[in-house]
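Database features (TrEMBL):
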- 176-427: domain 'Chorismate-utilising enzyme C-terminal' (DOMAIN)
- LYS197: active site, proton acceptor (ACT_SITE)
- GLU247: active site, proton donor (ACT_SITE)
- GLU291, GLU423: Mg(2+) binding site (BINDING)
Amino acid sequence: MKQISAIIEQLDTALAGEWPDTAGIRQFSYSLQKQPDTGLLEWLSAQPCYPKFYWQQRDGNEEAAVCGDVCAFGNMSQAQAFIREHQDVPDLHLWGLNAFNADNDDADFAANALFLPRIELCRKGTTYWLRCTVFSSRSLRDEARRTRLFLRSLVASRDLPPIASRVIQHQHLPAQPQWNELISQALTCIEQQQFDKVVLARKTTLTLSQPLNACAFLAASREVNHHCYHFMLAFTPQQAFLGSSPERLFLRDHTELFTEALAGTVANHPDDDEAQALGEWLLNDGKNQRENLLVVDDICQRLQGGAHSLDVMPAEILRLRKVQHLRRSIHGELAEADDAGCLQRLQPTAAVAGLPRQAAREFIARYEPFDRQWYAGSAGYLSTEQSEFTVALRSAAVKGYQLELYAGAGIVAGSDAAQEWQEIENKAAGLRTLLEEHYTPAVQAG
Ligand SMILES: C=C(O[C@@H]1C=C(C(=O)O)C=C[C@H]1O)C(=O)O
Ligand SMILES: [Mg+2]
């Protein structure tokens, strides 16, 4: 990517100039003359700087690869306060993840990983640009010096390595017998009207023959898992959280809000006619319609007082590689542009927690045998004009030789434990099958 190195040289010259020894913020933006030789994910993979974050919008039109952190934020309110304080910097974007328990301040687990990157390489349609932000609450001069050092650590893009990790062993938590018990317990609570719906999940730990390259894995997923957001936060060379999710938590464009109820699932089929028949069944199935409508109810209730003119579109089928879903798009007008408010109202929706929210969350916290951490939280960005977050589903944590896959299913009256197990198997297959399909054995020496 010669263009990028030319831009970095230009940037370095700008940073070498006179800088005040005071607090401040400056942003530099350069457009690339043409499409870079390799993709953004390839570029990001090559960089030795952490954290790294990658995001691609589900229509494929917007993409960002960002790295290095100028500063990090403990929650959305802090991130939003920062954006508001610097409204004169029009393109300020903060990127990252919100944990499932985004409001849990005293958890051991860092609940939020939103940050202002040093470098952002972005694409919208066929337009590419590179952005660099220099920010300091003490000395811009020192920060400009640090940024120059950071730029020197950037390297040229290179092709992603093949996926050479094989699955040696797997472990489900809960295993199927415990899953069956959990579902019957949930169904009892539903019968007793403690709640109408609870979403229960499973963590599958795969032990691999060698550590997985998170960028290569996400690229493999992006190749085949269409109509999905693709996201990754890499904390270190061996630790990342990533996923390919079909679900939008929210898109805010000024004060316009776009969200959705995505719930209700059936398998996909490679044959179009078979897939269509399964889709027809889904549209007419009572249990799946109930699952979806409870999410519509939840979202509409949660938005009360914060948004008006809510429009709920008719149900449609979203066909993915391994599953198909019922989706109802929801559109509204916000009283004010308030992303922290949107997150607080919408995360977690009844698509990933349940209804009523509090009772369902308590059931999950008490009986689900693992901590969700980033799973079913959200991934995306916020900025003054626009913000967008996807629900962090169809996701996995890369931890050296281990890969933890997450999948859940909405339990409502009429749910059957064996069918819900099959549903989570199908959801997990979106990522899991990539390890088999892309397996290229290492060449034997000698
Ligand atoms: C919880 C997950 O997915 C959610 C649950 C669905 C369902 O139960 O039908 C469908 C889509 C998602 O809202 C997951 O993928 O882990
Ligand atoms: Mg379901």
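Even glycines carry a Cβ here, placed using N, Cα and C.
Remember, TrEMBL labels are computer predictions, not curated facts.
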Cα-Cα, whole number of Å: the residue listed as 'active site, proton acceptor' versus GLU291 (Mg(2+) binding site)?
7
Taking the Cβ of each of the binding-site residues and counting other Cβ atoms inside 10 Å, which one has the highest number: GLU291, GLU423?
GLU291
Among all protein chains shown, how many Cβ atoms are found within 10 Å of the Cβ of the residue listed as 'active site, proton donor', not counting that one?
26
Report, in whole Å, the straight Cα-to-Cα distance of the residue listed as 'active site, proton donor' from GLU291 (Mg(2+) binding site).
15
Please state whether DSSP places the residue listed as 'active site, proton donor' in a helix, a strand or coil.
coil
Averaged over the domain 'Chorismate-utilising enzyme C-terminal' (176-427), what pLDDT does the predicted model reach?
98
Where does LYS197 (active site, proton acceptor) sit by DSSP, helix, strand or coil?
strand
To the nearest whole angstrom, what is the C-alpha distance linking GLU247 (active site, proton donor) and GLU423 (Mg(2+) binding site)?
16
